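Please read the structure below before turning to the comments.
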Amino acid sequence: MPPHPILSDPRNNRGRRFPIAQRDHLQLHGLVHPASPLSLHHQVAFAISRLRSLPTPLAKYEYLLRLVNSDEQLFFSVAQSHLSAVLPFIYTPTVGDACLNFPTLDIPLRGVWLSLPLSGAIASVLRNAARKNNPDSPIDVIVVSDCQRILGLGDLGANGMPIPVGKLLLYSACGGVDPATCLPVVLDVGCNTQSVREDPQYTGIRSTRVVGPKYDNFIDEFITAAKEVFGPSCLIQFEDFANANAARLLEKYRKSVCCFNDDIQGTAAVAVAGIMAAIRVPGVDPDLRNHKFLFIGAGSAGIGIADLMVMALTRLDIPEEQARRQCWFIDSKGLIVQGRGSLSEAKTRYAHPCPPGLLPSSSSDLNDVVAALRPTALIGVSTIPGIFSQHVIQRMAAINHRPIIFALSNPTSKSECSASDAYKFSEGRAVFAAGSPFPPVQLPGMLKTLVPAQGNNSYIFPGVGLGVILSKARYIPDTMLLAAADMLASLVDNSKLSVGCVYPDLDGLLDISAHIAHAVCQHALQLGINGRDVSSLDVDAIRGLMYKPGRDELSV
Ligand SMILES: NC(=O)C1=CN([C@@H]2O[C@H](COP(=O)(O)OP(=O)(O)OC[C@H]3O[C@@H](n4cnc5c(N)ncnc54)[C@H](OP(=O)(O)O)[C@@H]3O)[C@@H](O)[C@H]2O)C=CC1
Ligand SMILES: CC(=O)C(=O)O
Ligand SMILES: [Mg+2]
């Protein structure tokens, strides 16, 4: 029995900040210290210095997760006021470590595991979970994963819970969505990684993954139950599904359910925004029509980015077929070209005639492909660390005055190259972005410090989610993601571009999300797919509607 229920209620617990009057009223004297209350400001400063003093990223992760589960207002005050200091520990790369070490972590997580044996009862389980979250709040957004492709780390089964939890922390910290309205969900449908499944501490179901109709029916039960329990406007974000299911499920539900796939569509929007900003960097060809994109990785992220890029190109009056020919792909079997056997429908759309000098059947070396195709941009979504080798980067820099190099695979250990290698091997000319954070780089003899951008869908999904929630959009067309990309690109100012950084400051993410949400609301209105009249919502009004921790706390 806790000393007082309010102290174990993260939403209402104020810990050492309870004012005297409230301590009197709630009989909290003696239960919270010290005798004279601390201010939120004071506690934020303390939390940041505590965070900095912890020895490992995982220790910082545990500290922050304990904080959000004991004092939500304090956690989100810390996160919103020190975003770039907190983000790497609640999100990529540390969230990858948290999944890998999940059984050893001692933290409460607010998500719900929907295990296969619960089939037939998913609606009631969701009701229970929502009640636990906050009995008075509706659920506006679910991030759901079956955890088969956790970042670039593979199938981690039920241990992947930190992913939906982390994404939803960002919804509130960066998107101003009330945490009480967020529900992280893991679909526990088996795990194909034997070492994970057979770990004595593993708490998921101990079988290989269910597939076929059994899997599809379970997903269907979840989607139907979520709509029934939380209403049709509850947003469902699919996260870290393996390629074989990601696009298929998106196609199945995208018109009938308010949903999107973050790895396909969120990543597409952030990458296209990055390219739109990159063509404004001095020395990069400013005409998108003159660019050639070579994707390394033809999975959810790669195909998603290319599809949105084609949409952006066709706005410039380029026929779709021609726009596709600006996008080339390498997958695990080499360059995707016409005549290569057994290509998926998505890959076939980007299979072009084999360029002279390359053999269609060989697993082509990236260096040779770069030499033959002469791309202006390399986009890495392959999970293969270091595949952008010294030779590859040097060749890109020999072909292009300012080569665009995006190493988007996560976490850091899977990055196609580091920021310092991209800059070093291109003599500081690369326009570089990475999925995970890299520190600024100072090259010998160069006055300017180069600032690598973090090309991560965290720039997109919180704002898109907020816009969808506000407008009650009935569904989420790709054009909405393009509107978000346009907005994000427009927020990159020239001072960032001058140091090679193609995204705005991460610390401004709340404001960026307000702008993206506005673009999303406007787009929903234009298409007539809004379920709520948002015609009078400008960016200021959206800012006013965003969740702000500590709003109700008096300065003491
Ligand atoms: N920065 C960001 O915001 C985001 C980053 N990502 C990251 O992107 C990565 C990929 O994600 P996702 O697309 O969903 O994963 P998928 O599994 O869907 O795709 C991976 C792709 O990489 C290809 N591949 C594997 N090995 C090689 C190789 N040696 N050379 C070239 N290609 C190879 C695979 O080939 P094949 O098709 O033959 O199997 C496949 O096409 C992950 O690390 C993920 O964390 C994802 C989403 C957002
Ligand atoms: C960022 C992200 O969504 C991923 O790496 O999967
Ligand atoms: Mg993801």
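Backbone N, Cα and C define each Cβ position, glycine as well.
Automated prediction, rather than curation, is the source of TrEMBL annotations.
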Note: TrEMBL has E239, D240 binding divalent metal cation, and from D220, D263 that site also includes D263
Those residues of the chain, 6+ apart, with a Cβ under 8 Å from that of R149 ((S)-malate binding site)
D155, D240, F241, A242, N243, A246, D263, S300
Other CB atoms, at most 10 A from the CB of N456 ((S)-malate binding site)
25
Spacing of the two Cα atoms, K167 (active site, proton acceptor) and Y91 (active site, proton donor), in whole angstrom, works out to 7
If you draw a 10 Å sphere around the Cβ of K167 (active site, proton acceptor), how many other Cβ atoms fall inside it, taking every protein chain shown into account?
28
Three states by DSSP: which one describes D263 (divalent metal cation binding site)?
helix
Between Y91 (active site, proton donor) and N410 ((S)-malate binding site): CA-CA distance (Å):
11
Whole-number Å only: compute the distance from the Cα of Y91 (active site, proton donor) to the Cα of N456 ((S)-malate binding site).
11
Are there residues of the same chain, six or more positions away from E239 (divalent metal cation binding site), whose CB falls under 8 angstroms from its CB, and which are they?
V143, V144, S145, I163, P164, K167, N261, D262, D263
